[in-house]
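Take a look at the structure below.
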Amino acid sequence: MVHLTPEEKTAVNALWGKVNVDAVGGEALGRLLVVYPWTQRFFESFGDLSSPDAVMGNPKVKAHGKKVLGAFSDGLAHLDNLKGTFSQLSELHCDKLHVDPENFRLLGNVLVCVLARNFGKEFTPQMQAAYQKVVAGVANALAHKYH
């Protein structure tokens, strides 16, 4: 559960309505893979990840980034039940994919950076604080099934 004020919730959802999920998702996942290269081991089937340009131009990275942000959108619609919303994804990433749950926090922080880059002055410090709460809540929900 994420505790947002009514004003924060309105602001987060208003900004999210302007997000180009295709572009932002690909950029966020791509940046994660470039900035934290050890995360690439989970994406070996994606082909060429040999350089920042290869990662950022990789169509599989872009497609998966879009998928990730689609799930994030679902989370925004269910802020009062993030653990339930992400239960199956948590189980998948824990039991089958064996993803380090710290990677969820890293991706959330990268997403905040990408939103700031894309929205400039509209992404105020207050907006950042609200989004940090959301990405922390999503990361916590995704890590829920880990033992």
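Every residue gets a Cβ built from N, Cα and C, even glycine.
Noted in Swiss-Prot for the protein shown:
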- VAL2: N-acetylalanine (MOD_RES)
- 3-147: domain 'Globin' (DOMAIN)
- SER51: phosphoserine (MOD_RES)
- HIS64, HIS93: heme b binding site (BINDING)
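A 10 Å cutoff on Cβ-Cβ distances gives VAL2 (N-acetylalanine) a total of 20 other Cβ atoms nearby, all chains included. Taking H, G and I as helix, E and B as strand and the rest as coil, DSSP gives the domain 'Globin' (3-147) the counts 117 helix, 0 strand, 28 coil. With a 10 A radius on its CB, HIS64 (heme b binding site) counts 17 other CB atoms from all the protein chains. Packing around SER51 (phosphoserine) is summarised by its Cβ count: 10 other Cβ atoms lie within 10 angstroms of its Cβ, all protein chains included. Taking only the Cα positions, the spacing between the residue listed as 'N-acetylalanine' and HIS64 (heme b binding site) is 25 angstrom.
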